[in-house]
Amino acid sequence: MKLDEFGLIRNLTSRVPTTGRHVVVGPTDDAAVLSIEPGEQVLVSTDTMVGGAHFLPETMAPFDIGYKAVAASISDIAAMGGEPRQVLVALGIPSDLEPVFLEALYDGVCDICSYFDCAVVGGDVVRTDGPLFVNTTVLGATSRPPLLRSGAKPGDVVFVTGQIGSSGAGLDFLLHPKLLIDPADGAVLKERHQRPKPQVTAGQILSLEGASSCDDISDGLASELNEIASASGVRLRIETARIPVHVAARNLGRLQGKDPLDYAWYGGEDYQLVGTASPFAFARILARAESMQIQVTQIGRVMQGDGVVAEFPDGTLDVITAKGYNHFPG
Ligand SMILES: Nc1ncnc2c1ncn2[C@@H]1O[C@H](COP(=O)(O)OP(=O)(O)OP(=O)(O)O)[C@@H](O)[C@H]1O
Ligand SMILES: Cc1ncc(C[n+]2csc(CCOP(=O)(O)O)c2C)c(N)n1
Ligand SMILES: [Mg+2]
Ligand SMILES: [Mg+2]
Ligand SMILES: [Mg+2]
């Protein structure tokens, strides 16, 4: 690194929006000072991405790393039904990393922050002898009851937004570029892995129309469904034929002789939302989502009991365990 710590911070913060309607003091002091509107509650969440575990040179360009780190954090605010507002970015920087790498990473931060009208109000830089890591904290707000994992009730519909499995399939393709694939599918899958779109508008529709629970898909559908089932004390019964697996992921799976459903269950990093709603609330959610061209698909029902059970097209049932992405597998 050529710049000293303070020069580096100045250089990076000059590349991103640092002010906003709720920012009183931005990244210039010991702490940021933020305001919220009367009747709002603050939402805050943090996530870390680290070289090797979350990205490799062949899977993510520097821009993608900055973009996706912030996207993953904003996705947690989306899952609560809130509005993301401010972001803090802490970097662990290997000493041989070129400044242009960090500038490109910050261009990715800028891209997604600008899209969601978020300000970067702080962060940290440290040197590390290990791989690059990026910790992102996002602050948001909501004036509605936040969407929790614990509200699913027997009789509710289980739903998912968008199409899933495409990020995991994209990773598979990026790690094995010689896999047979249609070039158009390859381009879509790469994009879905590198630049996921947090479902902020969908989350706000879900909270406005009274969804009973919600979670974002970071570790995989199997993992997130199990989180909702266990937090709510219910069983989720999923009809596998209804799961909206992205067509490019289906195609890649078929060409590899793999079950494309596995990309949806266990691939993770789709950053779509999965949740539950009473049949009445679900009808309202569907109507409002459709009017905004947002796909919401019923994939199952909430029952009494525990765990997640999949029903296959031939009528057979199987328990789906939470074996998605796990940093510390047992
Ligand atoms: N080191 C920690 N100290 C305190 N709380 C933690 C710690 N790590 C995780 N948590 C909390 O545990 C809960 C579950 O964390 P988890 O990381 O599974 O959520 P997530 O961010 O939605 O998932 P993902 O990390 O896959 O994006 C969150 O409320 C999180 O804040
Ligand atoms: C090189 C490479 N190997 C594996 C993966 C897959 N991956 C890493 S973390 C994670 C879950 C979400 O992270 P977290 O739980 O930390 O929020 C997933 C699915 C990847 N992206 N890159
Ligand atoms: Mg998260
Ligand atoms: Mg987390
Ligand atoms: Mg989450």
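Cβ coordinates come from backbone N, Cα and C, glycine included.
Binding of substrate is annotated in TrEMBL for His54, Tyr325; the matching candidate from Glu5, Glu103, Glu269 at the same site is Glu269. When TrEMBL records Asp30, Asp76 as binding Mg(2+) 3, the matching candidate from Asp185, Asp215, Asp216, Asp219 it lists for that site is Asp216. For the binding-site residues Asp47, Asp124, counting C-beta atoms within 10 A of each C-beta gives the highest total at Asp47.
The binding-site residues listed here (Ser45, Asp47, His54, Tyr106, Gly123) include no residue with a Cα within 10 A of the Cα of Asp219 (Mg(2+) 5 binding site). Comparing Cα positions, Asp30 (Mg(2+) 4 binding site) lies closest to Asp124 out of the binding-site residues Asp47, Asp124, Asp216, Ser218. For the recorded site, Tyr325 (substrate binding site), the DSSP three-state label reads coil.
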